[in-house]
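Accompanying notes for the structure given below.
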């Protein structure tokens with residue numbers, strides 16, 4: 001449970017006053033990423049449902065996106081922007097990594113954030129009808145399950161000393177397997193074939209994205225993990241929007 005509290009404390013703005021700091025619990029907190037996604041998803045679902053009662057679907061979607069960024073502290077979005085700045089520079093590997101470490105945000109990072117938020121907002125607005133509330137639970141959970149594979153399958157950048165270093169040692173294969181069993185079972189229960197398709201295609205995307213970035217950089221780091229989460233969430237939403245015919 002302490003590992004779960006570490007994950008909640010670091011990856012959300014939710015206060016955890018009873019947290020007991022522990023390096024071992026921090027390493028094992030990676031196994032609880034999908035559970036953190038569930039907490040985030042339930043909060044977003046509540047905001048979205050309240051927004052739909054009071055406002056139009058688009059206003060509800062915008063409020064949901066604001067809550068999405070706020071509850072995560074913009075941590076994963078920061079990784080998405082840093083990676084966009086680095087890869088968008090079209091520089092050699094070492095310069096890309098230097099750009100990603102720079103605390104300043106460049107034009108490519110800003111554009112990438114705007115495009116991602118527009119995609120998410122548009123998808124949330126399109127999915128604002130009865131019976132589809134579960135998508136706001138599925139997207140954060142699926143994305144944080146997919147990133148476990150990114151952490152496990154590709155090496156961490158050896159020269160990087162960021163917060164993601166060392167967490168792979170605490171990640172167990174059994175946690176990944178159990179997480180996927182739960183995610184797919186819950187997906188089937190919540191939305192049948194449409195949600196299952198969204199989870200599966202976002203998994204394929206996350207693997208492709210991770211492989212492409214790792215090939216370019218020689219590994220992955222915390223920024224890359226954040227980018228995997230953000231982009232996988234968007235893919236889940238887009239597939240759900242386009243899967244009405246299933």
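Just so it is clear, glycine is given a Cβ too, placed from its N, Cα and C backbone atoms.
The transmembrane segment feature in Swiss-Prot is assigned to 30-50, 51-71, 105-125, 131-151, 167-189, 193-210, 226-246; the stated evidence is sequence analysis.
Of the candidate ranges 105-125, 131-151, 167-189, 193-210, 226-246, 131-151 contributes the most Cβ pairs within a distance under 8 Å of the transmembrane segment (30-50). Proximity of distant same-chain residues to the transmembrane segment (193-210), defined by a Cβ-Cβ separation under 8 Å and at least 6 residues beyond the stretch ends, is recorded for 134-135, 138, 142-143, 146-147, 149-150, 153-154, 183-184, 187, 220, 224, 227-228, 231-232, 235-237, 239-240, 243-244, 246. Within its own chain, the transmembrane segment (167-189) has Cβ neighbours under 8 Å at 3, 24, 26-31, 34, 138, 141-142, 145, 148-149, 151-152, 156, 195-196, 198-199, counting only residues six or more beyond its boundaries. Under 8 Å from some Cβ of the transmembrane segment (105-125) lie the Cβ atoms of residues 48, 57-58, 60-62, 64-65, 68-69, 77, 80-82, 84-85, 87-89, 99, 135-136, 230-231, 233-234, 237-238, 240-241, all in the same chain and six or more residues away from its ends.
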